[in-house]
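*Asks:* I am attaching a structure below and will ask some questions about it afterwards.
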Amino acid sequence: MEQAAGCPAVGGSYPQKNAEILSSQYGINLFLAGLLLTFAWAVHAVGISKSHLLSYLITLMLIQLLWMLWYLCRSCTQRRLIRDKDTHAGARWLKCGITLFAVITLILDSFKIGYYIDFSNCLSPTEGIFPVTHAVHTILQVYFLWCHAKDVIQSFKTLERFGVIHSVFTNLLLWTNGVLTESKHQLNEHKERLITLGFGNITIVLDDHAPQCNCTTTLCSIFSQGIYYLYPFNIEYHILASTMLYVLWKNIGRKVEHHQQNKTPFKFHGITVGMIFGLIVLTSTIAIVVVYLIQIGGSKIKSELALTMFYLHAIFVLALMCTAGIVALLIYRLEERSLDNSKNPARKLDAELLVGTAAGSWLLSWGSILAIICAQGHPKYTWYNLPYSILVIIEKYIQNLFIIESIHREQEKVNDDIKTLRIVTISRGSTLSLTPLYKEIYNGRAAPDSGDIPCLLKGSICGRENDGAGVAKEETSQDNNLVMHSTSDFSFSSRNSVTNHKRRILKNIAAFLFLCNLSLWIPPAFGCRPEYDNGLEEIVFGFEPWIIVVNLAMPFSIFYRMHSAASLFEVNCKT
């Protein structure tokens, strides 16, 4: 009878599991079709133009817009219903970050509209429709994520799975399109720089998709150049949106454990040291990037000096980050705290993204190490690439360990028995302490000289049951109790002081690593890429094979730094 009763419940899970599999396969095929179309445009395939790619992306965005509008309207009609929420998904700081990237993306769309107006005589209408559609898509999607990123959908689950997974892969395709467009621009600049470094044996063929007509206004150069400085923010916006939507997809039909989550607001108090050192790294990195972009490509001597300056700065920063990460891990080894192994799609995705995207920079680092070992000739600046590449591998390995362990550690909980340290009553004008020793509270028993359970643990209010001998006994033992309490207070205060000291060190380390990851995100995102400009890897592996490797791995390396910064911000709040 028990098996028969359980069969419907087990059988009922099959349609939902099938819906999950079908929706994921739909999304993958949607993505592969768009990826192939993007690749065909990039290699100038016969019969494939940019308008075909943009038409496909516009169609996907319009479908997502219709689904989001339907979901928002249905949510408005069911406002009074109590919905399950995943408290770990869609943190406020994450929503603020995606909003910032979305605002800059809207500026990028306005630049694209201006660029289309300037070259409207020779551009396809889709190049004007695309930024308008994308702007509307961005506004509605950010609003949707602010309002519904925490939802645990329990109705229309099959339909919602297809709608959410469509949104996930639409954002991934928009991310791919942005990465490819920005990479082609960086590649053209890189080809022009190689000659200044003396690599004249590499064939320089510019991959130019510029319109074949004259500009109609004086703002053409502002729009054309400004677009590429804004692409890094657009790329981060779409990858963040896709991850938030993926968590929403994983939460569909999930049974949520109802427990109160402690709020962990960000506080500047106690992290002054980490913030100061992090801001120093951030400021120096911005200065290095500015000098690098000015010097690289000017002449061979200037280019070599720019590369040497970049490597020395990066080696110093990575060494500091490795040291900070090791100190944090050592502190964790000295603590005994259990790990939170409860089901959490957001946390699981964070850990997988950290390891998965780190593989991009690991691939580039191992490529550089092999090139240095196998190359016949070594310009002086290339030797700095060896410790730099090794430190990149080690630093990400240590940082991943620190972040993943931090987000899995349970937060410290205050023991309910110690929230009230003393119960004080007034008797005959004197203050009497009725609280047992801390050690006795932890063990859940009263003092040895009392066979009764203390009133504090029983949760009741104690009163005097007799006036005579009981009160006299309490008064005579008051001095002894005060001595014992003082000893317990001192012991508890010592342990608490050590714990707070460790927490302060961990918060400073998290703040320092947060700013360092933001600092290391800036160089590759804005064109400071020694993997392109070094030249040694292109000689060993060949120009085109190495450029393909860099173009595939670099987006993951860039995303890793931003995702690590976001994770470290969360670690700082939880510590």
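Using N, Cα and C of the backbone, Cβ positions are placed for all residues, glycine too.
Whatever TrEMBL says is automated annotation, not expert-curated.
When I checked TrEMBL for this same protein, it listed these features:
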{"type": "TRANSMEM", "residues": "26-47", "note": "transmembrane segment"}
{"type": "TRANSMEM", "residues": "53-72", "note": "transmembrane segment"}
{"type": "TRANSMEM", "residues": "93-117", "note": "transmembrane segment"}
{"type": "TRANSMEM", "residues": "129-146", "note": "transmembrane segment"}
{"type": "TRANSMEM", "residues": "158-176", "note": "transmembrane segment"}
{"type": "TRANSMEM", "residues": "228-249", "note": "transmembrane segment"}
{"type": "TRANSMEM", "residues": "270-294", "note": "transmembrane segment"}
{"type": "TRANSMEM", "residues": "310-332", "note": "transmembrane segment"}
{"type": "TRANSMEM", "residues": "353-373", "note": "transmembrane segment"}
{"type": "TRANSMEM", "residues": "385-404", "note": "transmembrane segment"}
{"type": "TRANSMEM", "residues": "505-527", "note": "transmembrane segment"}
{"type": "TRANSMEM", "residues": "539-560", "note": "transmembrane segment"}
*Asks:* What stretch, picked from 53-72, 93-117, 310-332, 539-560, has the most CB pairs under 8 A with the transmembrane segment (270-294)?
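*Replies:* So the stretch in question is 310-332.
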*Asks:* Using a threshold of three or more Cβ pairs below 8 Å, and leaving out pairs closer than 6 in sequence, do the transmembrane segment (228-249) and the transmembrane segment (539-560) count as in contact?
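*Replies:* Contact between the transmembrane segment (228-249) and the transmembrane segment (539-560): present, because at least 3 Cβ pairs are under 8 Å.
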*Asks:* Counting a contact as 3 or more Cβ pairs under 8 Å, with residues at least 6 apart in sequence, do the transmembrane segment (228-249) and the transmembrane segment (93-117) touch?
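*Replies:* As far as Cβ distances go (cut-off 8 Å, pairs 6 or more apart), the transmembrane segment (228-249) and the transmembrane segment (93-117) touch.
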*Asks:* For the transmembrane segment (93-117), find every same-chain residue at least 6 residues outside the stretch whose CB is under 8 Å from a CB in it, and list them.
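*Replies:* Distant Cβ neighbours of the transmembrane segment (93-117) are 123, 127-128, 130-132, 134-135, 138-139, 141-142, 145-146, 149, 216-217, 219-220, 223-224, 226-227, 230-231, 233-234, 236-237, 240-241, 244, 266, 566, 569-570, 573.
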*Asks:* At a Cβ cut-off of 8 Å, and with pairs 6 or more apart in sequence only, do we get at least 3 pairs between the transmembrane segment (26-47) and the transmembrane segment (353-373), yes or no?
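*Replies:* Between the transmembrane segment (353-373) and the transmembrane segment (26-47), which are separate recorded stretches, there is no contact, as judged by 3 or more close Cβ pairs.
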*Asks:* Which bits of the chain, at least 6 residues beyond where the transmembrane segment (53-72) starts or stops, bring a Cβ under 8 A of a Cβ in it?
*Replies:* 30, 33-34, 37-38, 41, 124, 126-127, 129-130, 133-134, 136-137, 140-141, 144, 147-148, 160, 163, 166-167, 170, 173-174, 177
*Asks:* In the same chain, which residue numbers or ranges, 6 or more beyond the ends of the transmembrane segment (505-527), come under 8 angstroms Cβ to Cβ?
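*Replies:* Residues packing against the transmembrane segment (505-527) from afar: 186, 189, 229, 232, 270-275, 277-279, 281-282, 285-286, 288-289, 292-293, 310, 314, 317, 320-321, 324-325, 327-328, 331, 399, 402, 406, 554, 557-558, 561-562, 564-565, 568-569, 571-572, 575.
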*Asks:* Using a Cβ cut-off of under 8 Å, list the residues of the same chain at least 6 residues beyond the transmembrane segment (385-404) that approach it.
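*Replies:* Counting only partners 6 or more residues beyond its ends, the transmembrane segment (385-404) has Cβ contacts under 8 Å with 311, 314-315, 318-319, 321-322, 325-326, 328-329, 332, 350-351, 354-355, 358, 361-362, 364-366, 368-369, 372, 513, 530, 534, 536, 560, 564, 567-568, 571.
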